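Comments concern the structure below.
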Amino acid sequence: MPMLNAQQFLNQFSLEAPLDESLYPIIRDICQEVKVHGDKALKMYNLTFDHTKTDHLEISHEQIKAAFDTLDEKTKQALQQSYERIKAYQESIKQTNQQLEESVECYEIYHPLESVGIYVPGGKASYPSTVLMTATLAQVAGVENIVVVTPPQPNGVSQEVLAACYITQVNQVFQVGGAQSIAALTYGTETIPKVDKIVGPGNQFVAYAKKYLFGQVGIDQIAGPTEIALIIDDTADLDAIVYDVFAQAEHDELARTYVIGEDAQVLKDLESRIAKALPNVDRYDIVSKSIANQHYLIHASNFDEACHVMNTIAPEHASIQTVNPQPYIEKVKYVGALFIGHYSPEVIGDYVAGPSHVLPTNRTARFTNGLSVNDFLTRNTVIHLSKDTFEQIADSAQHIAHVEALYNHQQSILIRQS
């Protein structure tokens with residue numbers, strides 16, 4: 001990829017729609033089939049799409065516990081440390097009900113959702129971290145029923161995924177994936193309970209099903225390909241940056257990587273190191289396609305221009321690896337998560353840092369946020385007025401109702417004034 005100056009990049013920068021519209025009829029048919037035929041449809045789709053025969057959709061509590069008990073100690077400790085850090089961070093940011101003075105007449109109270117479905121991807125890799133980064137949040141929120149769905153595998157669901165479900169006290173785990181699992185969580189089947197909200201990343205079928213069913217069920221987001229944008233200078237460890245780029249690229253051929261810098265020579269040096277390391281990289285087929293088609297080097301003329309490019313991209317992950325990263329914290333506004341300094345690589349945020357790795361993609365960071373414990377709470381506004389307060393504001397209320405020609409609204413006020 002040739003180096004672009006900031007203006008050249010901004011002139012050509014665009015993101016394709018994250019979803020393939022041609023999938024719509026397929027998604028609609030899958031959802032309808034699950035709505036009508038329930039578990040029978042799910043087993044059929046497991047065979048058709050995942051080439052796995054599943055006599056029992058639910059994985060028993062005994063199997064989940066056995067997965068944890070038999071897990072090697074190092075993996076168990078790593079998952080446990082991740083869980084503890086996520087739990088501590090989410091507890092620190094959880095919205096709580098405040099003890100209020102009697103004179104407070106308008107306030108908010110929070111309640112946990114009753115039931116949540118979590119989609120845990122399968123296929124190209126196993127993702128116990130997704131369980132930790134979603135189910136822990138629901139647990140901290142106080143969600144009563146946490147349900148995980150994950151695609152069936154010929155050799156069974158990943159033991160690491162099941163162990164993470166045990167650690168986070170997930171209530172039920174079902175081996176079903178794709179759009180059909182989202183439909184099952186939305187409508188309910190003979191085996192899978194209907195939930196109030198569905199969270200977790202997935203492929204285009206999962207994303208489109210969430211979009212299609214939103215309104216009948218709550219969702220976290222419609223995720224596109226993963227992405228990272230880095231701002232670097234001559235103090236950055238370029239060999240480390242190479243693997244920050246590769247780490248993102250290995251997720252998906254469509255993963256997008258951007259490197260921004262004010263020093264053109266640093267960017268050229270980085271690109272030569274990427275080219276040198278690429279032939280021997282793990283997961284070469286995926287990484288090489290991502291680098292060939294979705295990798296950008298952007299030369300910014302100054303600090304403000306670098307920040308402007310970053311805010312325009314509005315990436316899922318932003319990494320600042322410069323001699324003085326502090327000023328970027330205020331200036332870089334629209335990102336899913338902001339990783340500051342050499343010892344805060346994006347990858348540590350994928351696993352153990354604390355905040356959830358479920359983050360907005362495809363420029364949606366310009367108007368939405370990463371998943372947090374507060375996404376598993378409802379917020380109710382309470383209005384409890386005294387007679388004195390009512391009398392102070394009633395005339396304004398009834399007059400606005402009159403202006404809007406909503407006379408029953410007006411009468412609701414007037415009858416209380418008489």
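Just so it is clear, glycine is given a Cβ too, placed from its N, Cα and C backbone atoms.
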According to Swiss-Prot, which candidate in D55, D69, D72, D350 joins T226, Q248, H251, H317, E404, H409 at the substrate site: D350
Identity of the NAD(+)-site residue among N97, N155, N203 (reference: Y119, Q180, source: Swiss-Prot): N203
Candidate with sparsest Cβ neighbourhood (10 Å radius) among H251, H317, H409, the listed binding-site residues: H409
Cα distance (Å, whole number) from E404 (substrate binding site) to N203 (NAD(+) binding site): 47
Fewest other Cβ within 10 angstroms of its own Cβ, chosen from the binding-site residues Q180, N203, T226, Q248: N203
Neighbour-count leader, CB within 10 A, recorded positions: E316, D350, E404: E316
For Y119 (NAD(+) binding site), the number of other Cβ atoms found within 10 Å of its own Cβ: 28
Q180, T226, H251, D350, E404 filtered to the binding-site residues whose C-alpha is within 10 Å of E316 (active site, proton acceptor): T226
